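Down below is the structure, laid out as structure tokens.
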Ligand SMILES: Cc1ncc(C[n+]2csc(CCOP(=O)(O)OP(=O)(O)O)c2C)c(N)n1
Ligand SMILES: CC(=O)[C@@H](O)[C@H](O)COP(=O)(O)O
Ligand SMILES: [Mg+2]
């Protein structure tokens, strides 16, 4: 039964507590997070790891006047609970609920929207400079950033600037030696040496002109309070290095930090994860990618695999286990991952560069300038394409079709099922000259027996799945499976034709020419943004061919889409079964 937490709505309430009461509050806050996340799901380990830090920051600093930013923001559950959102925390990540990440429109305590990593240093520096320009030299500016996120290029760009300013900024490096998967790279090794006391003399952050303190135990509340109070009085750029344990306070989460980053539902007493008991079900697309890549790489020595910090999420981990010398986790470094792949391709290697669709946004110039312009044979596997669900607008992979389609030399493919994914991977590593983007969604496919022998896919060829005489559905990717069900449920299935376009680029003009002559109505369906995607491309071509029938585009309208289950979001966006059926009723 919470006692102190019950009485806290705002950080002002927190600041009424005595220092000796804060450790009890920490215990209560942990239990509260565990209680809710065990049933509602979400990012657990990171938030448990910063419970003491969260309390100490709001206790010492005058939030929301002082500015506090959480990098990525997946560790900000405690912050949300202590800043007016305790009573609605159970709606975390649900449709119409609070966001799983800090969000400016949600709270005056969320100073900057996050979700993608490594933005906090630049953003807090921007706020600190604004504060100086306004003549306010008192306001404090704090960014909390993890050891994996600080290794990203963008964070280094921020540090590089910060070190030549007099900005009143405190960076808190929350070092738990892990991202989603174990942290990697030379900086990780350096931080390990700092913790062991074996680092070379000069401290890297001091060399960058920051006042460095640490490493200190980030679970020791007294120490945190003392150091934060002291740092508050020091002007200019400062960095406090705290050591924490991801998953702190829940034994299972401490023992298996990768799985408990976002464990799904679990038993709040034992920590045991609740596995769905189900009969045979189709695999996740990510696993089809991961296992197929191992199969291909065992046959083709030129294949290399690259992931920027998502070995588990992308399933590149299978290749990292089986063929470690050719599989690379480069950390949160999407830009580097793409140009690294480009460099490898110039030397005759065949890189499979797996990046979540949303995170590839960060490497757009590298994709154009380093890969496509040089027509290098890099195979991009874009996971989490389309609406991803509870992570919400920061993570939906809905822009990729539009931002990829305008890039010359790039082939764009979206598999409708596991077998198409396997076969395009097989084809791309054998035949393709130039880059290809293969985009597939979060979650499971549709084929239980998916390990079929490889066969080649003809580049630019779509598939006629069903002939019709009035209405043609042109679909791209997994979402096309909806149309099978739809056809089985309508009164006049003979009127409907269905085409799995497979390639957004090059478009299959041959089949389109046929479709334009045989059907009165064309309906396109995709799980990407309307502007610039499949529907746009069909309208452009139809216009050129002077098609006289109607074209209806089912795609995501020009708006950011909030969080919810994928099914809820498809319905809200009007790309679910209900909307399509309604449209059909109108034209029948
Ligand atoms: C640009 C970008 N790439 C990848 C991710 C996926 N991601 C979310 S959290 C995370 C690990 C963050 O690790 P760290 O900064 O050490 O924080 P911790 O989880 O340990 O608290 C990653 C890779 C992301 N959010 N943004
Ligand atoms: C916080 C973050 O960016 C990741 O943890 C993300 O939530 C992973 O998403 P998946 O669960 O789809 O791998
Ligand atoms: Mg970390």
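Backbone N, Cα and C define each Cβ position, glycine as well.
Record note: TrEMBL gives 74, 115, 116, 117, 148, 149, 176 as thiamine diphosphate-binding, and the candidate from 325, 334, 418, 420 in that site is 334.
In this view, residue 115 (thiamine diphosphate binding site) is surrounded by 19 other Cβ atoms within 10 Å of its Cβ, with every protein chain counted.
Rounded to a whole number, the distance between the Cα atoms of residue 147 (Mg(2+) binding site) and residue 116 (thiamine diphosphate binding site) is 15 Å. Listed in sequence order, the binding-site residues among 116, 148, 149, 176 whose CB lies under 6 angstroms from an atom of ligand 2 come out as none at all. By the rule that a residue counts when its Cβ sits under 6 Å from some atom of ligand 3, the binding-site residues 74, 116, 147, 149 yield 147.
With the fewest other C-beta atoms within 10 Å around its C-beta, 176 stands out among the binding-site residues 149, 176. Taking the Cβ of residue 334 (thiamine diphosphate binding site) as centre and 10 Å as the limit, one finds 29 other Cβ atoms among all the protein chains shown.
Mean pLDDT for the domain 'Transketolase-like pyrimidine-binding' (283-448) in this predicted model: 98.
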